[in-house]
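Annotated features, as they stand in TrEMBL:
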type	residues	note
BINDING	C:Thr57, C:Asp58, C:Phe159, C:Arg176, C:Val225, C:Gln226	urate binding site
BINDING	C:Thr57, C:Phe159, C:Arg176, C:Val225, C:Gln226	5-hydroxyisourate binding site
BINDING	C:Thr57	O2 binding site
Number of protein chains: 4
Amino acid sequence: MAYQIVDSNYGKNWVKLLHVTRNGPEHTIREWEVCSELTLDSKDDYMSGDNSAIIATDSQKNTIYLLAKNHGLTTPEEFGLLLCRHFLAQYSHVNRVNILIKQHPWSRIQAADGPHEHAFVTVREAERGCQVRQLRGQQATVWAELNGLQVLKTTQSSFVNFVNDEYRSLPDAQDRVFSTVVSARWRYVCSQRLVDYDACWSAVREAILELFAGPARGGIFSPSVQNTLYLTQVRVLNRLPEVG
Amino acid sequence: MAYQIVDSNYGKNWVKLLHVTRNGPEHTIREWEVCSELTLDSKDDYMSGDNSAIIATDSQKNTIYLLAKNHGLTTPEEFGLLLCRHFLAQYSHVNRVNILIKQHPWSRIQAADGPHEHAFVTVREAERGCQVRQLRGQQATVWAELNGLQVLKTTQSSFVNFVNDEYRSLPDAQDRVFSTVVSARWRYVCSQRLVDYDACWSAVREAILELFAGPARGGIFSPSVQNTLYLTQVRVLNRLPEVG
Amino acid sequence: MAYQIVDSNYGKNWVKLLHVTRNGPEHTIREWEVCSELTLDSKDDYMSGDNSAIIATDSQKNTIYLLAKNHGLTTPEEFGLLLCRHFLAQYSHVNRVNILIKQHPWSRIQAADGPHEHAFVTVREAERGCQVRQLRGQQATVWAELNGLQVLKTTQSSFVNFVNDEYRSLPDAQDRVFSTVVSARWRYVCSQRLVDYDACWSAVREAILELFAGPARGGIFSPSVQNTLYLTQVRVLNRLPEVG
Amino acid sequence: MAYQIVDSNYGKNWVKLLHVTRNGPEHTIREWEVCSELTLDSKDDYMSGDNSAIIATDSQKNTIYLLAKNHGLTTPEEFGLLLCRHFLAQYSHVNRVNILIKQHPWSRIQAADGPHEHAFVTVREAERGCQVRQLRGQQATVWAELNGLQVLKTTQSSFVNFVNDEYRSLPDAQDRVFSTVVSARWRYVCSQRLVDYDACWSAVREAILELFAGPARGGIFSPSVQNTLYLTQVRVLNRLPEVG
């Protein structure tokens, strides 16, 4: 007879990190979930049941904690790049590293007398995430993600003149309520060292809201979801040379 | 052989409502999910398979749409009271009405040139809900709910001197990160006609954040989760005579 | 600057337990999530920020592990009763103990040559849970729960002659597809020592399926959801004197 | 002022289908969720806000209902192939069709006197899904998916001799409880007309359970998760020539 705690490592190997920066009385926090995936150069070993090439998920987890402790947490993208470099340097038989990071949306509490020094509240609007992938001998690729931004406008949206065949039952709508959930994913193209990842992510979020809503008075007309998404992509590419 | 759309009325009978108020160019929205539960005075009928007393969930759904259309949507609590009165007046064999309402957290988009006239974004912080219950011949009871407010502070929290026996392994913590998820539920006691339900809900939310975080500079010390919750309850009861 | 793992004790304090019984080569497992809630006789202490009466959730967690180790896991209901007795005996200032237990649905794998000795698969049909509550000086109360049993029949169901007023739009249905999700909760009334909780739970599940489906050939007619639920309750009460 | 039901078409455009086959008194059901994605040959139109090439998601939904009604539902893979062919034939400016289908796990109820003619219960073990994608002028590609199969064995599993460096803290485990959640995805390679998709899916599920659990008495030894997954892939490829 035996008792033990159930291993909860079902599925992906997500590691939770909370980082507190104490800059005098003003504190800053970042909370992330980090997942690492390593691809080995040969599968010969574990095909035969020999584990000598396997880096345990538990060891990967320890690595993530130690690098967070020693290097600090700046942006998810930079921490992903650090992990890629580390795993490739530490294990010569690792051919590819893939890192996924999701950020918890903490906001500083707005007290009656100003932004709070050390107290935070979770405010979910759009979720931020990233993926960093590096193959041995190559430059890393960095993707950023913005997920779940739910928007609605009560006018300035129509949907008319779409394909009219025997499968259509929806009438033309000249002035409709338009609601959707926006998710975006983009790749950074220039040298990673120079990118301000926080600023880029915020700029993409702003471009989406601007093209959806337009100016506070009067708004902006949308002839279709597809057209609005297209215009948003054009604006992001024009504004941010870092985005490919 | 037959085909049909699956009835999705599994479990509770939630009805989604979107209400748009068009006050000139400035629009306001409320989106709710409403659930109604009716208790009949006698169960004789459907015990024997006679349905003549049953008010179909589909009819209850139609009722909710029609009352929304005819009376407008002000606060969840007032709409719950309206539904209770309606069902008791419409069906003499209904003895009890129970209404649950959850509000979707839409926020007006802040454009570069001010708050937007007609565009909104979902911002989840604390969820708002209410329950209204009325028995035939009695006054209705109104509960409000605030759920899922997730807060964290990086200092000004200790947890020391709690019970120390053979089951304790946690050491005293003089300065710890304190994080919790707050849910609150309260009952309104005075005449419902006079309550400003929106203002009361906001006041409870503010009291929770104030007692958790304290002033922007320096914060407020918390000797335990329990003590902070207690002080919050005291403040709410002192500030809001409407709350019991 | 500091790094630490985020405390995940948001909300309820659920403890995961996996119990393996090794009876020679044939093994048996039970996996549970257990939650304990203690009510203290006086709140004076922590109102003033003195924690000396508080039993940390971490200590409650240790207690659950230790009792599982020392006493073994039989049924959720019996383990709940054990925890109630323990907490009331261990802490004289605890006035009430409330225990919630949910069981993970492991099934023995059916191999080609029979039921497997030590390999299991998760098969979700109805979820099993229980609640045990005991006040100082009183007998414990035990509730069992069966949740999320989703059933569908393609005939032998009608819904006709229900209330017909201006809010009804649903026509009479003489032969309809009937699908619902059944949840049940019941209280045990006789002396807990004699109850076979596993057998009772299975008997309730069987009664629900029998009254819903009827015999394999021909089935059983249902004039309404309400009537079928009523007949199920009657059958459970008739068959199981332990259920109140 | 205006009221309306909220459009719930947030995100993907999933359509629910329930199909009942009435073969005398013995009925059979299939319940699916179907999602269609169409890629147009030119984006010129909606870049400029002209919708004349857009096939509304509502029209796609109607198409799915009508094809289900006219052709019946056999396997998800065959229905996906039918939808691809239809959309490419119906719309000459559609260049690519992507169909996703998830199947609801209904099981026939086992009554005391045998399998029930027309009553079913949801039993979740592994989820079945598929993806079918077709480009204009090319053959369709069919992938099947098996997701969320959660298994555990209490012995016959070790994990030893894996990479031992400064990041490792996990000791060697000679006899451990091994639990994981298996997901598999495979592509069919031969002519789709000849594949028995139901039988193939079941064969993959069986291969996974066999390699995980082994014979009922004694089981099968697993030196690592990786080795067990590798052996499973080899067995599936050997047994099923249809799988690539």
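Backbone N, Cα and C define each Cβ position, glycine as well.
Put simply, the two farthest-apart Cα atoms among C:Thr57, C:Phe159, C:Arg176, C:Val225, C:Gln226, the recorded binders of 5-hydroxyisourate, are 50 Å from each other.
The Cβ of C:Gln226 (urate binding site) lies under 8 Å from the Cβ of no residue that is in the same chain and 6 or more residues away along the sequence. In this entry, C:Asp58, C:Phe159, C:Gln226 stand out among the binding-site residues C:Thr57, C:Asp58, C:Phe159, C:Val225, C:Gln226 as having a C-beta under 8 A from a C-beta of chain B. Its Cβ placed at the centre, C:Phe159 (urate binding site) has 21 other Cβ atoms within 10 Å. Counting only same-chain residues six or more apart in sequence, the Cβ atoms lying under 8 angstroms from the Cβ of C:Val225 (urate binding site) belong to C:Phe178, C:Thr180. There are 17 other CB atoms within 10 A of the CB of C:Asp58 (urate binding site), with all protein chains counted.
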